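Worksheet: one structure, shown below.
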Amino acid sequence: MMRKFHEITGTETGAVSGEAGTIGTRKVYVTGSRPDIRVPMKEIVQKVGAQDESGTELLKIYLYDTSGPFTDPGAAVNIRAGLPAMREAWIEERHDSMVLSQLSSEYGRQRLAGRVEGGQYFPEERLPRRAGKGCNVTQMHYARKGIVTPEMEYIAIRENQRRESLPELLKKQHPGDPRGTRMPQVITPEYVRDEVAAGRAVIPCNINHPECEPMIIGRNFLVKINANIGNSAMSSSIDEEVEKMIWAIRWGGDTVMDLSTGVDIHETREWIIRNSPVPIGTVPIYQALEKVGGQAEELSWEIFRDTLIEQAEQGVDYFTIHAGVRSNLLEAAQRRLTGIVSRGGSIMTKWCKAHGQESFLYTRFEEICEIAKAYDVTFSLGDGLRPGSIYDANDEAQIEELKTLGELTETAWRHDVQVMIEGPGHVPMHMIQENMDLQLKYCHGAPFYTLGPLVTDIAPGYDHITSAIGGTMMAWCGTAMLCYVTPKEHLGLPDKNDVREGIVAHKIAAHAADLAKGHPGAQARDNALSKARFEFRWQDQFALGLDPERAMGIRKALLPEDAEDKEQYCTMCGPDFCSMKITRSLREGAAGGKEE
C-alpha cells in the first residue's frame, strides 16, 4: 500500500522535514494583479553588522522556489488527496475546454475498470478535460492571439525574483557575455507572451495538470534543470518514485521526467502528477512498449496513439517524441563506435528495420500534433541519435537528425504546439559551441534541452561532474534547460542521494551559466554569500548555499567539540592564518586611525 505522507517526507505536517534552505529562510508568496496569482519564493533574511545593535541592517534575498506546498508550514499536504488545483479557475474561465464524461483512452478505461482491492491506485477518480470543438488550448496559441494569460504573469513575477527590492550593494554585476541571448532588466508578462509566441520559449502546463505552478523554458530566461525519476523492471515502487519526485523538487528540480519502464506505469504516473507542482514529462514509447510485452516489432500507431491520449488525459506536460529517427539515418548510426544509445531511438530503429518502413512517429506527426494541442502538451523532440561517446560527437547521424527535428518544429508550430529540442549527449568542450550554433540554425530558435553534455567518457561514478562541466558551457552558449545526470549514470538506477547530488551539480552549472551570460540579478546571491563569508556569518552562508545541510554538516564535523559556531575562522587556516580575518583587522585598524 502507498505509504502515508509523513512516512515519505518525515513529517506529520505539510512541510518537508529538513527542507533545503530552511536555515535562515522562509517561504513567501508574491501576489500578482489578481489574488489567485500567488508566486512562491524563498526569502532569506540576513542581519548585517553587530547583532546587539538596534540599527542592524536587514538584507532580504529572494530565490526561485520549485518545492511547492511541501515546504509551506501552513499547508496541510496529503499525498492521497494530491495538491490544490491552483490553475483550475484560469483554465475554466477561458471557456475553450470541456470536462469529458469518460476517459478517451481505451487502455485508461481498462485500467479503471480492472481495479482490484488492495491495488496502489490514486484514491480520486477524476474526469479529464480537453479542448472544445474547434478550439486550441495551448499557451502558444493564446500568445499568438495577443493574450497574456495568468500563467504568463505568474512566470514574469517568478523570473524577476523581486530584484527591484535588492540593496544597491548586491546589485553590482559583471556585464557577462550573453552570446546572442536577449535578456531585459525586467521580465514583463508581455515579454513572456512575445517569447512564447515566437517559439523561443515554452510553458509546459497541460490543462489536466492544474496543480502545476507555471514555469518557462527559454534561452532568454533563467536556465532550468530537469530531474529524471522512474521505476525499472528490476527495482523501485510507486511510493519510492513519489518520494523521489518530492525530493527532486526540494533540491531545485524545475521539471521532472517519469521514465518508468517497469510495472504499474499508469498508476505510478497518476500519483506523481497529482502531487507535482512542477511540469512532468514522459517518453510515451516506453509505456507503449510495455503494452506489447517489450517486443518493439509489435508496436503500432494505434497503440502509441492511445498511449498519448492516456498520458495527456492524466496531465503529462511534455512528451519526448523520437520522431527524428528516420530510416535513411540508420546506416550512419551503425558506423558509430557506440551505436544508438537512446532507448527511444533504439526502439524505433528496431521497429523500422522489422517493418521496412519509416517510423510512424514521423509519418503520423501531424496527428500527434492534433492530440497535443487538445490538451496543451509540449513536445520535447527527442534526439534518438544523440552521440553516446566522445568518439561519435557531432557526427552525420546526429546532425541529420537535428535537421529533421527542425522540420518537425515548423510542423508543430503550424498547430501552435509548443516545442523544445533535445540535445546531446557526449561532446568534448571544443565542439559544444558548434552544437548550439547548429541547433539554432536548423531548429529556428526553439529552446534547447540537453543531457549535459558529458565532456569526457573516463569517469564512471562521477558523470554528474562531467555532465555539469559540459552543461555549464552549453547553457552559456544558449541551452535553456539541462537534464541532470547522477553519479549512477551508465551504472544503475539512481537513489535519493544520487538525485540530490545530480541536481545540486547541475544547479551549479545553470547558475554559473546565468552569471556568464550576465542574466540580470544572477550575481546578487553570490554577492550576498561573499559578504556573509567575509563577515563570518556562518548561518547566513549556509542559507544562501545550494545545499545548506551539507555545508553546515561539514563545518560542524570539523570544529573542535568545545568551539562555538561564531569563530572567525575554519579548520583550513585556523585562527592565525585566516586571510579574511587578517584583512578585516587591517581595515578596522585603518578605520580607527582615521578617526584619531
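Each residue, glycine too, has its Cβ placed from N, Cα and C.
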Site-mate of ASN228, MET257, HIS322, SER342, ARG343, GLY344, ASP383, GLY384, LEU385, ARG386, GLU422, TYR449 for substrate in Swiss-Prot, selected among TYR154, TYR191, TYR286: TYR286
Residues satisfying Cβ distance under 8 Å from HIS426 (Zn(2+) binding site), sequence separation of at least 6: PRO387, GLY388, SER389, ILE390, ASP392, ALA393, GLY452, PRO453, LEU454, ASP457
Residues ASN228, MET257, TYR286, HIS322, SER342, ARG343, GLY344, ASP383, GLY384, LEU385, ARG386, GLU422, TYR449 [recorded substrate binders]: greatest CA to CA distance in Å: 20
Count of other CB atoms lying within 10 Å of the CB belonging to ARG386 (substrate binding site): 25
Separation of alpha carbons, HIS490 (Zn(2+) binding site) and GLY384 (substrate binding site) (Å): 17
Fewest other Cβ within 10 angstroms of its own Cβ, chosen from the binding-site residues TYR286, TYR449: TYR286
Binding-site residues: GLY344, GLY384 - member with fewest neighbouring CB atoms within 10 Å: GLY344
Distance, HIS490 (Zn(2+) binding site) to SER342 (substrate binding site) (CA atoms, angstrom): 12
For TYR286 (substrate binding site), the three-state class that DSSP assigns: helix
